[in-house]
Amino acid sequence: MPLTPEQTQEIEAARANPRPTLRAVSEGMEAHLYRAHEVLDHGFVRVVDYMGDDSAIVQAARVSYGAGTKHVSNDEGLIRYLMRHWHSTPFEMCEIKLHVKLPVFVARQWIRHRTANVNEYSARYSILDREFYIPAPEQLAAQSTINNQGRGETLQGEEAARVLEILKSDAGRAYDHYEQMLSQEGQSGLARELARMNLPANIYTQWYWKVDLHNLFHFLRLRADSHAQYEIRVYADAICKVVADWVPAAYAAFEDYRMGGATLSGKALDCVRRMLAGEAVDQENSGMSKGEWREFRALLDEG
Ligand SMILES: Cc1cc2nc3c(=O)[nH]c(=O)nc-3n(C[C@H](O)[C@H](O)[C@H](O)COP(=O)(O)OP(=O)(O)OC[C@H]3O[C@@H](n4cnc5c(N)ncnc54)[C@H](O)[C@@H]3O)c2cc1C
């Protein structure tokens, strides 16, 4: 179960006690506040708190760029201008605090994003729950033959069953031993901080994660991307939906310029200009390496 009965009770109590506020409120975000969005088999993402909305971004930009922003009268246009020109600090005026439950191997990727504040469940202080991520059958994939950092075909039949059995039995056995090491009748038992060391990386942990919108967009750009591992991408996708409701104008600009857009090198831009002028451009006369050319062609052809 993603949420414990105590957590559910806590959330219901918080939702049952709304208070009026003079602070900027995002209606879209109010609907998400406290609600847990389930991710993977036992995980979730839920908004614990937030600060700011689209107008906080605009307000900050108008303070810093003053008269220079007057020609962009419309807020949405200003937000698109800021995103297009890589202005970061106005987006830092918005913050979000999330409660996330996620497998440890996903947490290891997530924690690499250093520009956030984190407070994690302590397995020195508390005993971890018997909850492990076991992939859904359609996610049990073989190693990709073309991408060393990716997946290929989905495992089928007996092979899928064999892998699932190994995953489940290893996790179960490791957890049994964890419990046995913590306490044994008549013996003092191993400290929690030591007993946890034989638990597998698919066990779930939890943390509070607070980040500003600029750095959240950076996280989402990398982790909601098709190159990110599926297990972290589903968390990023869940957060994208929340952000789209929280700051609709900023999210639309992010989706357009960052998720949907692409950066071209000087050589690539030159090739585009030559192509537009009717010249036949190929890898050999492009000035690009084979890898660069392949990626450039993929960018043009994907559209
Ligand atoms: C598809 C994918 C594959 C990956 N594969 C690997 C891998 O094989 N091995 C591996 O180790 N990692 C890997 N990573 C992790 C990746 O290299 C980054 O560590 C991670 O994405 C965090 O990015 P970041 O440092 O930009 O983010 P943050 O830590 O949030 O930093 C945001 C930005 O702040 C600045 N910044 C933050 N801290 C510092 C600092 N101390 N000094 C200078 N500038 C700073 C940088 O400009 C940085 O881009 C992978 C990531 C992705 C998305």
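Glycine is no exception: its Cβ is also placed from the backbone N, Cα and C atoms.
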Out of ARG84, ARG130, ARG196, TrEMBL lists as part of the dUMP site with GLN109, TRP110, ILE111, ARG112, GLU120, TYR121, SER122, ALA123, ARG124, ARG223 the residue ARG196
The rounded CA-CA distance in Å from HIS218 (FAD binding site) to SER122 (dUMP binding site) is 27
How many other Cβ atoms are found within 10 Å of the Cβ atom of ARG223 (dUMP binding site), counting all protein chains shown? 22
CB neighbours of LEU213 (FAD binding site) within 10 A? 27
Please check each of the binding-site residues THR89, GLN109, HIS113, ARG124, LEU213 and report the ones with a CB atom less than 6 Å from an atom of ligand 1, ordered along the sequence. HIS113
Which of these binding-site residues is closest to THR89 (FAD binding site) if you go by CA atoms: GLN109, ILE111, SER122, ARG124? ILE111
Please list residues from the chain of GLN109 (dUMP binding site) whose Cβ is under 8 angstroms from its Cβ, counting only those at least six apart in sequence. ARG223, GLN229, ILE232
